[in-house]
Amino acid sequence: MASATSNPPLHSVRGLRRRFLNRIFAAVYATVILALFYHHAITLLHSTTFTSFCISLTMFFSDILLAYMWSTNQSFRMNPVTREEFPENLVKFFDQKDLPAMDIFICTADPYKEPPINVVNTALSVMSYDFPTEKLSVYLSDDGGSELTLFAFMEAVEFARTWLPFCKENNVIQRCPDAYFRSNYAQSSKTQEIKVMYDNMKTKIENVVEKGKVSVEYISNEKKRQALSQYWTKDSTRQNHSSVIQVLLDTKKDKDNMGYSMPNLVYVSREKSKATMHHFKAGALNALLRVSGIMTNSPIVLTLDCDMYSNDPSTLQRVLCYILDKSSRPNLGYMQFPQRYHGLNNADIYGSELKRLVRMNPAGMDGLDGPLYMGTGCFFLRRAFFGGPSSPVQPEIQELGPNYIVNKPIMDREILDQAHHVSGCNYENLTSWGYKIGFRYGSLVEDYYTGYRLQCEGWKSIFCDPSKPAFLGDVPISLHDVLNQNKRWAVGLLEVAFSKYSPITFGIRSMGILMGLAFAHLAFWPILGVPITVYAFLPSLILLSGISIFPKVSDPWLLAYIFLFLGAYVQDCLDFILAEGTFQRWWSDQRFWLIRGLSSFLFGSIEYIAKHLGMPTQGFNVTSKAMDDEQSKRYDEGIFEFGVESPMFLPLAMAAILNLMAFFYGGIVQIFKERNMDAFLVQVFIAGFGVLNCFPIYEAMILRSDKGRMPTRITIISTLLVWGLCAIATFVLKM
Ligand SMILES: O=c1ccn([C@@H]2O[C@H](COP(=O)(O)OP(=O)(O)O[C@H]3O[C@H](CO)[C@@H](O)[C@H](O)[C@H]3O)[C@@H](O)[C@H]2O)c(=O)[nH]1
Ligand SMILES: [Mn+2]
């Protein structure tokens, strides 16, 4: 066990024992893949017709892509580690007053998709961290440019004056008010009183959002009126408005109801103009980096999405266990906590837990040079945004440099003017922002891309995954939302994969083979759509024409297929269950890979190509966090939500229908009637596996009558398309 040099230790790290087994298994598996390639090559050479050549080539190509995904995936398995922190030892080394200051960034972008009451809850959960309040500054970026959000925050400030001291004096563990009142909290007259206050605030905010504007009866004083009036100019819209910066709390002046000081709280809505690119979330974060730079310039920065509240008030202490211990990891640039979620249904039908992506793979990278950046729950050293560890890049004004010490109060006129200036929409023109400084532009997955570029510059990272989640977030509850989110990721990842900074070339050169491959695995994630689509359609189509393409049951080559299939699936399942998973969730997770492959990845790739050709595309389509009661109920019961006529459902429905046909035809005609089991067993098995995975789709097409069922039009169109596909296949194969 390697532990930090300090004594008593602040943290420890341990390699998982299964890494040795992983390495041996990887060697065996790789050998079998090579053998399979040999078999593919032989089949190709011996193909008798042009059609059979094309089919063999397609299967070979699909298997090459699968092999690429498998081999790059091994970098996560070579050296996974787990860590432990001992925040209780921190006090033995550091005085409260020596702790570094923290700037916390929260992003929101749309008051209708991201209800302001939830954003307020997130802010309150971090404002009440167990940390010296004068060292804490919370910045809210409102890309929705909405007076509704500003209003919600002005209400939140009032509530915070009671909530913050209440949490501290009663040592409340759950400091997100909404989660607290949902939990089994100790009832007392004080908690009753606070609950009433909270409910009042919530009702007010929700009413205002419902009305779509802040009417006068909600504006209780002149200060609020003035703040809100900035939104009342004629040409102020979401895409077109000047900067709004409102200091809602100033730690030097504001006191809560018990007389304790409060953290800084600043509302920022950067200037927007239709004529200027704003780079979505990355642009918003860069604006915050500058505004906070002018106002507080704390050496540590936390980025949070508005839907991820803090679930543990002692998280900052955990972070300091690494950041204050220089021996923990040289050139440490950031520390990532996993995204963890609340409100998942038992089976996690959409695989939203993303266990592999957000917990298992980052633990694997942590054993190398550290995890990727995942957009939220990540603590950065501000310095990391300004060039590599040994190649600093100076920003255009010295006040923004990471070492500059702010010596004026946050409300100083000059500070406010400068803050407005740096949040202007043309400020970044002819500067290095987004390219050499700050969060990086050029990909819809700005998080992945920024973390990747920082690692290329030489920054390292740490993955901190305490058993009590540090942050908890929402998951989308309709299939359409999930697929859209995954599609956005697919587009963003391809943008990196095929850029001049592709991990497969630039990445491997900059950070070595294993880290390079780990990033390359993700960048090319969407190509999985190709083999998944091929396997979903080709074997079944061909089966319907009575043609066999896999080794016969009596052929020893079949063993290679069985080994590769079972080896990958069983290892994956074991890994999943060992990482606190259940079999049921694993099953949903593997199914969702197939669903993603057929929809998000396919449509994402098309969108990427369209974007590349200069056609207009969607950009950063914010995931909805608003809940519809009926939808919520169905989600909780584990029922798939189709409901809308999304083209992304077409390939899913088609695969479902085709595999069902192939399974029955193959099973009945080929195996029972023609006694052709030897030739067709594999294809019937593949179709059957598809059918097994498609149960929720059949249900949604035939059995259900609720609003979330498969729209009839999708069912009809996909049936026609399958019919057309079969006709073409018969024609081509009989040629
Ligand atoms: O123009 C924009 C668009 C989005 N956001 C914010 O970005 C965050 C993430 O957006 P969301 O729609 O919730 O995206 P998800 O798909 O849930 O996010 C995952 O993927 C994103 C990259 O695609 C990362 O930025 C996120 O951190 C990560 O959780 C939210 O707080 C938004 O308010 C902005 O500030 N400005
Ligand atoms: Mn989100």
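From the backbone N, Cα and C atoms, a Cβ is placed for every residue, glycine too.
In three-state terms derived from DSSP, Asp143 (active site) belongs to neither a helical nor a strand segment and is classed as coil. Residue environment of Asp143 (active site) contains 24 other Cβ atoms, counted within 10 Å of its Cβ in all protein chains. Under the heading active site, TrEMBL lists Asp143 (among others).
The active site annotation in TrEMBL covers Asp447 (among others). Cβ environment of Asp447 (active site): Leu372, Tyr373, Met374, Gly375, Thr376, Cys378 lie under 8 Å away, each six or more residues apart in the same chain.
Secondary structure from DSSP puts Lys113 (UDP-alpha-D-glucose binding site) in coil. Applying an 8 A CB threshold to same-chain residues 6+ apart, the list for Lys113 (UDP-alpha-D-glucose binding site) reads Val622, Thr623, Ser624, Lys625, Ala626. Sequence annotations record features per position, and here TrEMBL assigns UDP-alpha-D-glucose binding site to Lys113, Glu114, Asp143.
The Mn(2+) binding site annotation in TrEMBL covers Lys281, Asp305. When Cβ atoms from all protein chains are considered, those within 10 Å of Asp305 (Mn(2+) binding site) total 25, not counting its own. Asp305 (Mn(2+) binding site) falls within a strand segment according to DSSP.
Feature annotation from TrEMBL assigns transmembrane segment to 20-38 (among others).
The transmembrane segment annotation in TrEMBL covers 50-70 (among others).
Per TrEMBL, transmembrane segment is recorded for 513-538 (among others). When Cβ-Cβ distances below 8 Å are used as the criterion, the transmembrane segment (513-538) is approached by residues 55, 58-59, 61-63, 65-66, 68-69, 71-76, 78, 361, 364-365, 368-369, 372, 448, 452, 455, 489-490, 493-494, 496-497, 502-504, 507, 549, 593-594, 596-598, 600-602, 604-605, 608, 651, 654-655, 658-659, 686, 690, 725 of the same chain, each at least six residues removed from its ends.
Cβ atoms under 8 Å from those of the transmembrane segment (558-579) belong to residues 18, 25, 29, 32-33, 35-36, 39, 70, 355-356, 359-360, 550-552, 585-586, 589-590, 682 of the same chain, restricted to positions at least 6 beyond its ends. Taken from TrEMBL, the feature transmembrane segment covers 558-579 (among others).
Annotation source TrEMBL lists transmembrane segment at 591-610 (among others). Remote same-chain partners of the transmembrane segment (591-610), defined as residues 6 or more beyond its termini with a Cβ less than 8 Å from a stretch Cβ, comprise 349-351, 483-484, 486-491, 494-495, 525-529, 531-533, 536, 617-618, 647-649, 651-652, 655, 693.
Feature annotation from TrEMBL assigns transmembrane segment to 648-668 (among others).
Marked as transmembrane segment by TrEMBL: 680-698 (among others).
Taking Cβ pairs closer than 8 Å, the transmembrane segment (710-733) reaches residues 51, 537, 541-542, 544-545, 547, 642-646, 649-650, 653-654, 657-658, 661, 697, 700-701, 704 in its own chain, all 6 or more past its ends. The transmembrane segment feature in TrEMBL is assigned to 710-733 (among others).
Shown are the binding-site residues Glu114, Lys281; the one with the most C-beta atoms within 10 angstroms of its own C-beta is Glu114. In the three-state DSSP assignment, the secondary structure recorded for Lys281 (Mn(2+) binding site) is helix. Beyond the transmembrane segment (680-698), the same-chain residues lying 6 or more positions past its ends with a Cβ under 8 Å from any Cβ of the stretch are 349, 535-536, 539-540, 542-543, 548-551, 553, 558, 561, 591, 594, 639-640, 652-653, 655-656, 659-660, 662-663, 666-667, 670-671, 710.
Highlighted in sequence order, Thr108, Ala109, Asp110, Pro111, Tyr112, Gly144, Cys306, Val622, Lys625 have their Cβ within 8 Å of the centre of the Cβ atoms of Lys113, Glu114, Asp143, the residues recorded for UDP-alpha-D-glucose, and are not part of that set. Rounded to a whole value, the Cα-Cα separation of Asp143 (active site) and Lys281 (Mn(2+) binding site) is 8 Å. Close contacts with ligand 2, defined as a Cβ under 6 Å from any of its atoms, occur at Asp305 among the recorded positions Lys113, Glu114, Asp305, Asp447. Cα-Cα distance from Lys281 (Mn(2+) binding site) to Glu114 (UDP-alpha-D-glucose binding site): 14 Å (rounded to the nearest whole number).
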